[in-house]
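Take a look at the structure set out below.
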Amino acid sequence: MTNQDLIARDLNVLWHPCTQMKDTQQLPPIPMRRGEGVWLEDFDGNRYIDAVSSWWVNIFGHANPAINARIKTQLDTIEHVMLAGFTHEPAVELAERLVDITPPGLDKVFYADNGSAAVEVALKMSFHYWRNTGHGEKTRFINLSNSYHGETLGALAVGDVSLYKKTYEPLLLKPLTARSPDCFHREPGMSWEEHSRLVFADMEALLAEHAHETCAVIVEPLLQCAGHMRMYHPVYLELLREACDRYNVHLIADEIATGFGRTGTLFACEQAGDNGITPDFMCLSKGITAGYLPMSVAMTTNEIYDAFYDEYENLTAFLHSHSYTGNPLACAAALATLDEFAARDQINANRVLSERMAQATAPLADHPNVAEVRQTGMVLAIEMVKNKASRTPFDWRERRGLRVYRHGLTRQSLLRPLGDTIYFMPPYVISPEQIDHLAEVAAEGIDHAVST
Ligand SMILES: Cc1ncc(COP(=O)(O)O)c(C=O)c1O
């Protein structure tokens, strides 16, 4: 089989996610034959470093032997059983371990099967909590501009990336939107902390006016990934936690992309204040199974759980479900993932890798078409612009980022950008030399993309 064989069959029957299918005339999907570590290999034998962790899910490389082995063992034990009325050991053990490693107070785990679904669960649970406790007037949510929480209607509604959301507006809940603390927009000379503090005034004002009708504030802690990898200072989370308590509003931390070490700590919420913050809900997915199987969780507190615990006749139960909730194979992958974190002391090991990412890309900060090179932990983003001084972006229709992507493919690198933002969010098994290679390819790609 060659790439061409599979492409022809693919285009006959498949409709790909997040893709204008007409683009495939110039850029057909690349058929992947196998993966190993950071490498993906196609049917023609070309190899690519998976610099974006296959949409931010892969953590310990493709075909990781330890995770493979755990799933295979699980497969011979029980592949799936519904979680209503039944339970199984991997689901229980994983929940116990998640309670142990997440911020203190998140003591209950509700399983779902993808990131958007976990966000739906948190939104519904928050609303339902207030209803169960006599606050039916709380029906709204506050989000941040430039946020992203998924594609199902509830998750899309609390996001703010127009490219994905605008078409569906007539179908969506209407959140109240506070200005994002995104530090790309800070005044010259201002620190990330000063900017994030300053912008918090907008959130404070919204809460002051709308807390009585608001269920929860939802944020992506520290890093707005789909919103072009924009970043902010942990002080914002500290201020937000304190304000949510003061205004009697829940805080939902969507750590679907930021969780499992991406921001430099196991969870981004740990970086707020001296001891971190505990949100009322934490949504996790993506890295939870190291990119192996679909799984997500919405974690919450005993206080919230208790508001649903009642006689059946009172109809206060959370009657939400997905068929694959708590799938044992996915739980086994997640347990193996947690073992890998411990065995490799990965959070500490990542410090060396993130430092290398900073060093390797440092020269790009002086590039005439780079407005900013920014980094939070294991995520590094390069903002390509038309005019460096004014930070004017290129016309989006020119699709310059796509040129960087195409260049990367010719140089063994899968660097799928977000618009004109080129970024690295690699599996943690990447080597320092591979990071250097990605930086070199990104620099070449940017030169090429801005040349005409
Ligand atoms: C912060 C965040 N929340 C939610 C989601 C949605 O997850 P999924 O694509 O699994 O539905 C994503 C996906 O990129 C995300 O980055």
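Positions of Cβ are set from backbone N, Cα and C atoms, glycine also.
No curator has checked TrEMBL annotations; they are predicted automatically.
A sphere of 10 angstroms centred on the C-beta of TRP55 (substrate binding site) encloses 16 other C-beta atoms. In the three-state DSSP scheme, TRP55 (substrate binding site) is classed as helix. Per TrEMBL, the feature substrate binding site maps to TRP55, TYR148, LYS286, SER321, ARG416.
Residues within less than 8 Å, Cβ to Cβ, of ASP254 (pyridoxal 5'-phosphate binding site) and separated from it by at least 6 positions along the same chain comprise GLY115, VAL119, ALA122, HIS149, ILE218, VAL219, GLU220, PRO221, CYS283. The pyridoxal 5'-phosphate binding site annotation in TrEMBL covers GLY115, SER116, ASP254, HIS322, SER323.
The N6-(pyridoxal phosphate)lysine feature in TrEMBL is assigned to LYS286. Sequence-distant contacts of LYS286 (substrate binding site), defined by Cβ-Cβ distance under 8 angstroms and a gap of at least six in the same chain, are TRP55, TRP56, VAL57, GLY115, ILE256, ALA257, GLY259, PHE260.
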Mind computing the max CA-CA distance among TRP55, TYR148, LYS286, SER321, ARG416, which the record assigns to substrate binding, rounded to whole Å?
33
Under 8 Å by Cβ from TYR148 (substrate binding site), counting only residues of that chain that are 6 or more apart:
GLY159, ASP160, VAL161, TYR164, GLU220, GLN224, CYS225, ALA226, GLY227
Cα-Cα distance linking ARG416 (substrate binding site) and HIS322 (pyridoxal 5'-phosphate binding site), given in Å to the nearest integer:
31
Express the distance between the Cα positions of SER323 (pyridoxal 5'-phosphate binding site) and ARG416 (substrate binding site) as a whole number of Å.
32
Anything from the binding-site residues GLY115, SER116, ASP254, HIS322, SER323, ARG416 with its Cβ under 6 A from ligand 1? List those in sequence order.
GLY115, SER116, ASP254
